[in-house]
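Undergrad: The structure is given below, and queries will be raised subsequently.
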Amino acid sequence: MSKIKVLIVDDSALVRQMLQEMLKSDPEIEVVGTASDPYDAREKVKQLHPDVLTLDVEMPRMDGVTFLKNLMRLHPLPVVMISTLTEKGADITFEALDLGAVDFVAKPKIDLQHTFEDYTDEICRKVKTASKVSKWQLERQYARYVANKESKPKVLSKPGSLVSKVVEKFTTDAIVPKKAPSDFSKPSHKVIALGASTGGTEAIKEVLMRLPSTTPAIVITQHIPASFSLPFAQRMNSVSEMEVTQAEDRQPILAGHVYIAPGDKHLLVERTSSGYICRLNDGPPVNRHKPSVDVMFRTVVQSVGKNAVGVLLTGMGADGAKGMKELQEIGVPTIVQDEKTCVVWGMPGEAVKLGAADYVLPLGSIPEKILALIKK
């Protein structure tokens, strides 16, 4: 089997060296070259024909987003962005994901010794995942970006760690012990529970842009760094008719509102005498993730019951698949994004394997199905 050819683009010689060392440690990956700026990268893409690029977000002469825009227009390639974990870095990274970048990782730190193995594992996994993304998928995402820019959707006037430590593998039970759902005979509000990972920031945007302000409450767990979740919520708030916020502990869950899990806390849904509230939990990662989709889904089973709708979008791994099965087993309708429109059909694919998906739909059909199900 031929190796995945990677071109590293970064203005820092030290970062280029670190990334090269990490990627070369994987027998399935070959680093075919490095470039210090986008002009150098442009020539090396033509010469070396890489399968995947790692691209620094912020560089001199031409920034990573401008280069990515030209690349996706002229020579689409899977790209993993190397991002600084800052508000500015978050904004640039989200624009890169808009353009068609497959995923992102934090820029490696100089004092990486204690987390070197974890970082190496993460970037190698993401490069290998990116290599499976087709040219057609990249072209479709870029066309969607251009269409959204040309349509200039009105921005509504509203207020508005990627390097994980070595952790034990915990199950959902470590955060939310399994128990029978409460009595849901009394009428209560609907809640839509949505989970996503790789490719999810764009998929979530596509869903939220098509839901009216009258939609019931939505709780979202997206795998994302802690410093990125608030900018992500603000970005979603600017394109949605619903009010989108980063969830806060004990925040009431209201219709017409969207609550996004902070990047370093599990989001739980709790039922009170007056309705539902968000609870934030600082327990260990589950399925190697914090926040975890399975954890959120478990609490929706226990607190919302049949008044919920479960949705699982694009993402690497299996987080959310078991939780979706638990939702389905109590009669909650479940929707999974189909393989063709996913960046990575990991989490949705695992849900399908478990028989947990009532509906397997292309991304563009999911908002309509959500609206149909909440009327039942």
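Cβ coordinates come from backbone N, Cα and C, glycine included.
Checked Swiss-Prot, it gives:
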type: DOMAIN; residues: 5-122; note: domain 'Response regulatory'
type: MOD_RES; residues: Asp56; note: 4-aspartylphosphate
type: DOMAIN; residues: 185-376; note: domain 'CheB-type methylesterase'
type: ACT_SITE; residues: Ser197; note: active site
type: ACT_SITE; residues: His223; note: active site
type: ACT_SITE; residues: Asp319; note: active site
Undergrad: What counts of helix, strand and coil residues does DSSP assign across the domain 'Response regulatory' (5-122)?
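TA: Output for the domain 'Response regulatory' (5-122) reads 57 helix, 26 strand, 35 coil.
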Undergrad: Out of these recorded positions, Asp56, Asp319, which one has the fewest other C-beta atoms within 10 Å of its own C-beta?
TA: Asp56
Undergrad: Expressed to the nearest Å, what is the distance separating His223 (active site) and Ser197 (active site) at their Cα atoms?
TA: 5
Undergrad: Between Asp319 (active site) and Asp56 (4-aspartylphosphate), find the distance joining the two CA atoms and give it rounded to the nearest Å.
TA: 28
Undergrad: What are the sequence-distant neighbours of Ser197 (active site), meaning same chain, six or more residues apart, C-beta distance under 8 angstroms?
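TA: In sequence order, Gln222, His223, His289, Val293, Thr314, Gly315, Met316, Gly317, Asp319, Val344, Gly346, Met347 meet the Cβ cut-off.
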Undergrad: Measure from the Cβ of His223 (active site) and count the other Cβ atoms within 10 Å, all protein chains considered.
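TA: That number is 26.
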